[in-house]
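Since the structure comes first, as structure tokens, the remarks are kept for the end.
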Amino acid sequence: MNHSPLKTALAYECFQDQDNSTLALPSDQKMKTGTSGRQRVQEQVMMTVKRQKSKSSQSSTLSHSNRGSMYDGLADNYNNYGTTSRSSYFSKFQAGNGSWGYPIYNGTLKREPDNRRFSSYSQMENWSRHYPRGSCATPGAGSDICFMQKIKASRSEPDLYCDPRGTLRKGTLGSKGHKTTQNRCSFYSTCSGQKAVKKCPVRPPSCTSKQDPVYVPPISCNKDLSFGHSRASSKICSEDIECSGLTIPKAVQYLCSQDEKYQAIGAYYIQHTCFQDESAKQQVYQLGGICKLVDLLRSPNQNVQQAAAGALRNLVFRSTPNKLETRRQNGIREAVSLLRRSGSTEIQKQLTGLLWNLSSTDELKEELVADALPVLTDRVIIPFSGWCDGNSNMSREVVDPEVFFNATGCLRNLSSADAGRQTMRNYSGLIDSLMAYVQNCVAASRCDDKSVENCMCILHNLSYRLDAEVPTRYRQLEYNTRNAYTEKSSTGCFSNRGDKMMNNNYDCPLPEEETNPKGSSWLYHSDAIRTYLNLMGKSKKDATLEACAGALQNLTASKGLMSNGMSQLIGIKEKGLPQIARLLQSGNSDVVRSGASLLSNMSRHPVLHRVMGNQVFPEVTRLLTSHTGNTSNSEDILSSACYTVRNLMTSQPQMAKQYFSNSMLNNVFNLCRNTASSPKAAEAARLLLSDMWASKELQSVLRQQGFDRNMMGNIAGANNLRNFTSRF
């Protein structure tokens, strides 16, 4: 079966006129004659050269897909427990030795796995322009080249070379004698891209092997390149170049030419070919082209700078060896240096896209945080957001929306790293600008703006372990409260005040909020909570919804005052339970998981039980009744639902009775027996049924279903049978 050629390098929705994103390709008939990949590229170049003009691009406010991020099971020593299990994703579950308690900390660390990191890719709109001989158009400033210079950003695509990664979940069982509940927090990262063009069949990739290719050490670059200023008299027209004979080796040779025209031509050809052919990336690596392209970032000619940045952007996409080689050749610092001093929008697009691509590799994040974070924040994020602290003398240059989108995509990746997360929290103006942008978009009903998703995912990540890593007013209040309880209980060894502190069953005055929050104080401020809830109520993008719920999930995941205060703020003051409960109806399992985990966290606080009852109980029991369990998130969803029901039913047993249907109880019972494939959900279901049996008001519901002491003993398990029977 012959496939039609790929006729576009960009997502259709990026432009109102699709012609702006097309390459000049041979006819379909020619494509079916079996020409080689190299011949096809050369034919495309020659046909594009003959174009007389190209239409200008439309707005760079690109729409993009609703993909959520995957999970990365990185080792984390949170609470210093943990055993790792792996199914379709990585899972880490912390278990203590509590007899009847369930996890008091079961957090998700959401990071960007390689195969779902969405980073910018670039492709030339028209590889070159044709001008009649002898009548070359006058080039723009800094240009002496007559072919088309404009580069467009194409849809972001996932890395195809790495296996899917999953959640990092951790939890500990409560200490013996105390019934505790699970805490969940989540950690989010990258996913930003646009939908693929469905109207155009895609040519099969030229390199589909998942094995890492063997790379030849790159050739050292000639450091004696000439970077002279462009000369108008040296202009050449594109038809003077023998494009039909251009190859990757010749293009790499062009990079070392002392003529800037040939430098740009070589870089553009590499950029164009690497978009078409994955194997070209390895060839450029072997020929030492990366170091030459990095050197060209220092060229005084803007066309050469733009071409080199675009070529590097495509070279590093999906290629870890090329990313590492770019770093080794000092490419990160050169790119950051050029971004700091360049005022060209097109160059800024290429450089921020390059940095976004590089940021998906963990080995590069530390250097990117150190070098790129200041420039991205000061030159892109703060100016575009419109935020100002009133004392800043920072220049307010106009920033293109696509540059902002690329920059937030890069920071979205960097925020997943532990060191990067803390550095980003402390960087002046970053959180303020991200929050200002999200709030402005919500106020303007632009909740599905593509950059809002990136900003929310950054804020989600920066909220991870906030109570443990950032000094907050809650921590100071909790410290003072603990000292007060310790002094009062020092005369007796049987006081339960310490238990109350651990289980959040105490009343303490919550700290007053800052009138004008700054930096990390924004992350737990009521204005931020209100913004997240408003966004959850208005956005239709699954990734944005998941990020909002994940940020709230992180804020409610601790065992102290912050979780209590945030839960009350969300559920009572801001009346956010309806928005959260609606997440459980989503068709996206990532969204359902985040919503269910957030409700599980909030249900730990008795002060919320009454308000949560009728608003949450119907949706949570519906999950236990109808959830099919056929997704990778099913175990987390079902275990969260069991814990939420368990918490709420103890304080409102009569209300709970009306929602305990036969089908729900049968599903929970079957879940108890499914210990092999869903151990966490089975444990949560077992604890739910055990507490129902222990309740005088609810035991009758189980008896009506045919449950008896022997059956409940079997559910408890042989090891726990003695403890179980002793409770009745």
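Cβ coordinates come from backbone N, Cα and C, glycine included.
Marked as phosphoserine by Swiss-Prot on the basis of experimental evidence: S4 (among others).
The phosphoserine annotation in Swiss-Prot covers S119 (among others) and rests on similarity to another entry.
Here Swiss-Prot flags S120 (among others) as phosphoserine.
Annotation comment: Swiss-Prot describes S122 (among others) as phosphoserine.
The phosphoserine feature in Swiss-Prot is assigned to S143 (among others); the stated evidence is experimental evidence.
Taken from Swiss-Prot, the feature region 'Required for binding to single stranded DNA' applies to 1-235, supported by similarity to another entry.
Mean pLDDT for the region 'Required for interaction with EIF4A1' (1-287) in this predicted model: 46. The annotation region 'Required for interaction with EIF4A1' is assigned in Swiss-Prot to 1-287.
What Swiss-Prot records for 48-69 is region 'Disordered'.
The region 'Required for WNT-mediated nuclear localization' annotation in Swiss-Prot covers 161-270 and rests on experimental evidence.
Residues or ranges marked as repeat 'ARM 1' by Swiss-Prot: 244-275.
Residues or ranges marked as repeat 'ARM 2' by Swiss-Prot: 276-317.
Taken from Swiss-Prot, the feature repeat 'ARM 3' covers 318-360.
Annotation source Swiss-Prot lists repeat 'ARM 4' at 361-412. Break the repeat 'ARM 4' (361-412) down by DSSP state and the numbers are 36 helix, 0 strand, 16 coil.
Residues or ranges marked as repeat 'ARM 5' in Swiss-Prot: 413-443. In the repeat 'ARM 5' (413-443), the DSSP tally of helix, strand and coil residues is 25 helix, 0 strand, 6 coil.
Remote same-chain residues near the repeat 'ARM 6' (505-536) are listed as 389, 425-426, 428, 431-432, 435, 438-439, 442, 447, 452, 456, 459, 462-463, 466, 470, 472-474, 476-477, 481, 497, 544-545, 548-549, 551-552, 555, 561-562, 564-566, 568-570, 573-574, 576, 579-580, 582-583, 606 (criterion: CB distance under 8 Å, separation of at least six residues from the stretch ends). For 505-536, the entry in Swiss-Prot reads repeat 'ARM 6'.
Under the heading repeat 'ARM 7', Swiss-Prot lists 537-583.
Here the repeat 'ARM 2' (276-317) is broken down by DSSP into helix, strand and coil counts: 32 helix, 0 strand, 10 coil.
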